[in-house]
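Report on the following structure.
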Amino acid sequence: MSARATRPRSRRGRHAPPGELDPVAESSEEVEAASGSSKPSFAPPPVSSGLEQLGPMEEVSGQGLGSRTDKKMDGGSGRELASAPEVPHKPAVEAHQAPEAALQYKETVPPGNGAPDVFQTLQHTLSSLEAAAAAWRHQPPSHSGPMEFEGTSEGGAGSLGKQEGAGSCQREAARLAERNAWLRLALSSREDELVRTQASLEAIRAEKETLQKEVQELQDSLLRLEPCPHLSHNQAGGSGSGSSSSEADREPWETQDSFSLAHPLLRRLRSHSSTQILGSLPNQPLSPEMHIMEAQMEQLRGSIEKLKCFNRLLSAVLQGYKGRCEGLSMQLGQREAEATALHLALQYSEHCEEAYRVLLALREADSGAGDEAPMSDLQAAEKEAWRLLAQEEAAMDAGAQQNPQPSPEGSSVDKPTPQEVAFQLRSYVQRLQERRSLMKILSEPGPTLAPMPTVPRAEAMVQAILGTQAGPALPRLEKTQIQQDLVAAREALADLMLRLQLVRREKRGLELREAALRALGPAHVLLLEQLRWERAELQAGGANSSGGHSSGGGSSGDEEEWYQGLPAVPGGTSGIDGGQVGRAWDPEKLAQELAASLTRTLDLQEQLQSLRRELEQVAQKGRARRSQSAELNRDLCKAHSALVLAFRGAHRKQEEQRRKLEQQMALMEAQQAEEVAVLEATARALGKPRPPLPPPQLGDTFL
């Protein structure tokens, strides 16, 4: 047998507590019993199987426990006859006792260095499970015989006499059901133990990782420090089996107190007994979830690398397109400059054509003057010539003309002759030709900017990548489309500028209206105060008139009585006060003052009415002016928008005409080039001397 199968035999001397099972001892006894007759040689499974074999081994161990219970039941059939009613409860008790026995077995395992060693406990548990599995594998297949014999013995002992086979079968089924229940309980206990073992194993792995990190840090720190022979000796002693004494371990560290304080991890490594078998443990296989997670991580890494490459490719394509755009912008500026030069050259050519036409008309009129031709043609030609010369002078000098054109209706002395006008026209044509010669017009379009050789390949690669993936392809804009977009953008910008100008004008009108309203505010406040004062005066006058009407039936004597009925001044006042009171309430003066106040009130009312009418007139005039200004502003805006639209239409037409003229000019240039080439070839052919004829030979005749 192997060493793992015979390892738990040292526990035979120990007696298990009463009421508990010793699975290791029983498994070893079963292995010896199985190997007594025929000693087969088998190799237990290695420990490196890890957690993947714990489940099947627990089931096998559960079945082995079931076989051992069968043996005990076979051995003690007489006792079962005596205690038949207690049989159904016994498996449950054994099932509850099995985990306790396993726990007690764990507790009875001697620790390595005085500390709980989880690895040794795990090894002992695995060895016991392997022994149970080996015993179950080598158990003879005829194990149903003892069961049947046990069943028949139980049936013979428990029955009163002869019973049918149905009763024995029922009892056998009940016994097997009880055994199945016990096995399930044992399996559940084993599963709980497996879960605890897995949890402890995870904790050990975490601790192992932390220890490895600390060991790495310690190694780095040792590499930074000076080498010491005592340190290496102490590390060698600490990494052994742990049997060296504490004095031998303490001596080198006492000489290096600072080093031990700087590195307390060595003491921990030496005192921790579980670190002695870190190197002996095999690598645990990863779970399927970990494999799936690793595969997903690898896939994500690959996707990230692909995206990085694609990003770099896109940046390269972008740089290439940026360079091409810069080149296109330069070409566009060059084309605009060429278009401007062509436009100016065309304008000069038109002016030259018009000048030649006027000069031809002058020549015809001058030549026909002797034949009594009408003078109207000559005058019209001279007017056209002076108009062209005036345009040139206006173009050359934007200010006032220093040399005004002479009037043809003047005297014959001041009037220039047609020859002088023709001379001026010829000089004008010469100046136009000189200006046209200053324009640099290319007969052929310049070379276009050649694209970079890497740009099409990169673009093709990007298009291929985008074609394989979901999403739109890269936009490919032509030059005409870019120009159209540019023209549309310029038109939109012009519209926005026009709207901005309109908004600014509206804002200015609103500001003026606000200023006018602010100026009218104080006038309205003054008018409101005047109206309030008038209303108060009218209310006071109405009260006085109502009092006068109520006492109108009385005579003047009543008024005198009312004046005399005023209360006298108490205490015998002086005569001065009495005179003042008499003067204050004199009826004649009071009537005069009332008449004067009434006249003033009427005058003020008339002035107020006149001011109100003037204010209304001013307000009406202001409203009329504002309405007129608003209408004028709207008309101006409409006219401006119409002018803008007309300008755009004219600009488009001019552009179309310019394109047509450019095409015609290109065709004419091509035709002229062909004609010039034909003429040059003809001239060369005519100017080339003929070779002399060879002398005639005998027999030849001159034709």
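Placement of Cβ uses the backbone N, Cα and C atoms for every residue, glycine included.
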Study note, to complete from the structure: For Swiss-Prot, the entry coiled coil belongs, out of 33-71, 150-188, 189-227, to 189-227
Point to revise | Swiss-Prot annotation (coiled coil) - matching range among 96-133, 476-513, 514-551 | key: 476-513
Point to revise | Integer average pLDDT (0 to 100) for the coiled coil (189-227) | key: 82
